[in-house]
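Asks: The structure that follows is given in the form of structure tokens.
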Protein chains: 2
Amino acid sequence: MLFFVGLGLGDAKDITVKGLEVVKKCKRVYLEAYTSILTVGKDALEEFYGREIILADRDMVETNSDEILSGAEEEDVAFLVVGDPFGATTHTDLVLRAKEKGLDYRVVHNASIMNACGCCGLQLYNFGETVSIVFWTDTWKPDSYYDKIKCNRDRNMHTLCLLDIKMKEQTIENLMKGRKIFEPPRFMTVKQASEQLLEIVENKRQEGDNSLAFTEDTVCVGLSRVGSDAQRIVSATLQEMTQIDLGEPLHSLIIPGEMHSLERDMLLQFAISDKTKNILSSICI
Amino acid sequence: MLFFVGLGLGDAKDITVKGLEVVKKCKRVYLEAYTSILTVGKDALEEFYGREIILADRDMVETNSDEILSGAEEEDVAFLVVGDPFGATTHTDLVLRAKEKGLDYRVVHNASIMNACGCCGLQLYNFGETVSIVFWTDTWKPDSYYDKIKCNRDRNMHTLCLLDIKMKEQTIENLMKGRKIFEPPRFMTVKQASEQLLEIVENKRQEGDNSLAFTEDTVCVGLSRVGSDAQRIVSATLQEMTQIDLGEPLHSLIIPGEMHSLERDMLLQFAISDKTKNILSSICI
């Protein structure tokens, strides 16, 4: 049997009791280690579970999954995923490969940023399509997520922006020379995401766009390390967000749409400045 | 301190290790018992936690929350919620009342149907607004969720339909006479929801609507008891859904929008009939 076990979002203790039982009884335990992170590393998980963990990078999961699935007809194998196994990153490809081999699988669900972001007070019902904001380079500045945010805002919906993670980057030189030397991991901050969003808005303005999806003064929500003791939630204008350091990863950003009074009142609790408070208070509800 | 603890979706063991620690140490433990249910009842939870639980009905949470919050300045109080505390039902009103009293609070997140529904293979990214389908009566047949589903489908987005729960209904006679006699709880099934949706479509057709959001032949996903061992997932046409018994509550229904190939391949795994398989296979991706 192949078990997909969600680890939740904080530390080792965010696994469910059911999930912990699975981890303890499985023959092999893999940790998907390339799309998200907890606030603790592999060592802390191994200590808490009392089990050895095998790190599974993208290569292993996407092109070498036979290793993970091997023997799972007779033995139990666990595949651990930060958040929920079918949350922000979905592992349906591994499910399908397991089914192809005639393997059974079970899922132990857990919190994902896709639902835990509701802790800011914005109702999950009122979220539209989720977008991913990727790191720009000097030559590649995709902005297709802007249109999705606009589409959500036009429908009065909130937008959860998942921020880019680069886990095993190679420099172009190392890539060309086939050297498996990797750069340190990078995690996009709310500050960086806000800067990119404002740059897109500025470009639209210069193109004469009169119906911008949002502006510097749009109140947004920045979240970091949701679900951990070190969690932070702030509401601030997009301009203010470019000045805020929300600390260690992971960060997420929400661009709210129309708010109900309870949603507005919750964002007031997290307001970073008088300016933000004034904007929120002046919203007609 | 007031702790909001998500219980997840299946049974007692779906609480997180962190959540269980909180429950064990809190002075009083309330269970929000009117918007969702686990596959086990209060007794099973009390036995597993080794703690007495106080059932909190809508009255207590919405109008008599002082009892819950009382003493939480010095003592720890836990408020347990099926799923995630800010998932399908959000408890921001209780947060705000706690803050008004100067109380601190913490959240222990867990899986919600809002993210766990990803187990069917449809990607959470591609979901639009979530809708609630309510029980019709002879005289009250609201259908505003149809427009929201249409709006999502027009944008190629999936729609999660949460199905109605009636926990403490009174007959009109008992209500008039002020008798606190309650009807047995009712939980809408996928079958019932599909019947209502098809009736709406039939009405639209008779009104001459030529751009229906969906038809009898639209392949949908029915889910029951997600996260429990007795979980069921089926993909079937909406017409077929009206003939399927997915067993005990809770049920949810998804109306997919445009599918990617992996999403389609996952739905094929859950297809109930050759007809559904043929429709899914013929989708151009």
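A Cβ is built for glycine as well, from the same backbone N, Cα and C atoms used for every other residue.
Automatic, uncurated: that is what TrEMBL annotation is.
Feature table excerpt (TrEMBL):
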- A:1-178: domain 'Tetrapyrrole methylase' (DOMAIN)
- A:Leu9, A:Asp84, A:Gly87, A:Ser112, A:Ile113, A:Leu163, A:Val226, A:His251: S-adenosyl-L-methionine binding site (BINDING)
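Context for these features, please: burial, neighbours, distances.
Replies: Over the domain 'Tetrapyrrole methylase' (A:1-178) the predicted model carries a mean pLDDT of 94.
The secondary structure of A:Ile113 (S-adenosyl-L-methionine binding site), as reduced to three states from DSSP, is helical.
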Asks: Can you check what DSSP calls A:Leu163 (S-adenosyl-L-methionine binding site), collapsed to helix, strand or coil?
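Replies: Note: A:Leu163 (S-adenosyl-L-methionine binding site) is in a strand by DSSP.
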Asks: When each of the binding-site residues A:Gly87, A:Leu163, A:His251 is checked against chain B, which show a C-beta distance below 8 angstroms?
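Replies: The binding-site residues close to chain B are A:Gly87.
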Asks: For the binding-site residues A:Leu9, A:Leu163, which Cβ has the most other Cβ atoms within 10 Å, all shown protein chains included?
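Replies: Result of the Cβ crowding comparison: A:Leu9.
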Asks: In Å, how long is the longest CA to CA span across A:Leu9, A:Asp84, A:Gly87, A:Ser112, A:Ile113, A:Leu163, A:Val226, A:His251, which the record gives as the S-adenosyl-L-methionine binders?
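Replies: With A:Leu9, A:Asp84, A:Gly87, A:Ser112, A:Ile113, A:Leu163, A:Val226, A:His251 as the binding residues for S-adenosyl-L-methionine, the largest Cα distance is 17 Å.
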Asks: Which number gives the other C-beta atoms within 10 angstroms of the C-beta of A:Asp84 (S-adenosyl-L-methionine binding site), all protein chains shown included?
Replies: 34
